[in-house]
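I have placed the structure first, in the form of structure tokens, so that the comments after it can refer back to it.
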Amino acid sequence: MHHVDGARRSPITSGTQPSVVRSLNNGTTTDHVVSNVMFPSADYGRDSRGVRRWCALVALLSASALISATTAAARDVRGASSFRCGTPLNQPLTGPKGVITTPGFPGPFPVPVDCEWVIQADPAVADGGDTIIEVYFTQLFVTDGLTITEYSQYPVVFGFVTVREVFNKSHIHVGQSMLTTLPYLVIRFRLDRLEGNHIRVHDDLMDVYGFNITYEMRPAGNERNDVCSLYFCSYSGNCLGNADLTEYKCSCFTGFSGADCGYGPICKPNNTDLCENGGVCRHVGRSIAICNCPTGFTGGKCEVPVVNITA
């Protein structure tokens, strides 16, 4: 299954809010706060000592050099044979909605691949308020190579900026979407080989590659919970958006049904034998089924009551 602040075009940022990766757990959307990694703002007027002013200047130049080097490295060609894709330099995506895909999706793409897409928030979307950029991991088949970083300024030229990597391979299996309120979101995809770096589910997801993800901008506070992902669709269907990306739903593979494609060869709508105590049977691919347990129960079949121990 992506956020912060007031002065959206300022290269100096003194305050931040956490970014969020949204995931689905037993039917409930969960927000995971991403740790802040920030280059702090400098205040040269508070310290009259020459040594401290010199240290502050050195810190400023060092931090700026580090950010510039990081940005340059991010855009550095990883070899003459690398296949490049993404947004052209200084031409970020600024539309209110859009689709980002790997070349030839869902088929294989050339490797090594090195791609970068930059999304820039449009303040007009929020009519002067904070603008959210949210990325939906509708069809995400890679298990490595994808990172998303938010910036208060991009490209980084000079000065202190907020830089946070808010999505990486540790979020791929649970992330349904991610959002940010920072004005720049940079999606990078770098992969050296296809083999061993894609989700594979027996019979149904054996020959899919890359990703097909969507994004939208909207005013802060306008939450939506109707998006889906490969995980939400039980690895038994594709999450698809309509033509104008206003609705998302699971398109189930043959033999599966339900809003989340959770019913199939093992789990039946009216079969309560597999799960106990009101647990709901749900597929995870064609050959695996799990029980989503109600509050108060756990275990493979929801057979174990949860005991609350109080002091």
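First residue shown is number 1, and so on along the chain.
Each Cβ is built from the backbone N, Cα and C atoms, and glycine gets one as well.
Here is what TrEMBL says about this protein:
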- 11-27: compositional bias 'Polar residues' (COMPBIAS)
- C233-C250: disulfide bond (DISULFID)
- C252-C261: disulfide bond (DISULFID)
- C293-C302: disulfide bond (DISULFID)
- 224-262: domain 'EGF-like' (DOMAIN)
- 263-303: domain 'EGF-like' (DOMAIN)
- 1-27: region 'Disordered' (REGION)
- 54-74: transmembrane segment (TRANSMEM)
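Features as recorded by TrEMBL, highlighted on the structure.
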residue	record	CB count, 10 Å
C233	disulfide bond	27
C250	disulfide bond	23
C252	disulfide bond	21
C261	disulfide bond	24
C293	disulfide bond	22
C302	disulfide bond	21
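Here is what falls inside 10 Å of the CA of C250 (disulfide bond) among the disulfide-bonded residues C261, C293, C302: C261. The DSSP secondary structure for C250 (disulfide bond) is strand. A mean pLDDT of 94 is what the model gives for the domain 'EGF-like' (224-262). Taking C233, C293, C302 as the disulfide-bonded residues under consideration, the smallest Cα distance to C261 (disulfide bond) is found for C233. In this structure, the C-alpha atom of C293 (disulfide bond) lies 18 angstrom from that of C233 (disulfide bond). In the three-state DSSP classification, C261 (disulfide bond) falls within coil.
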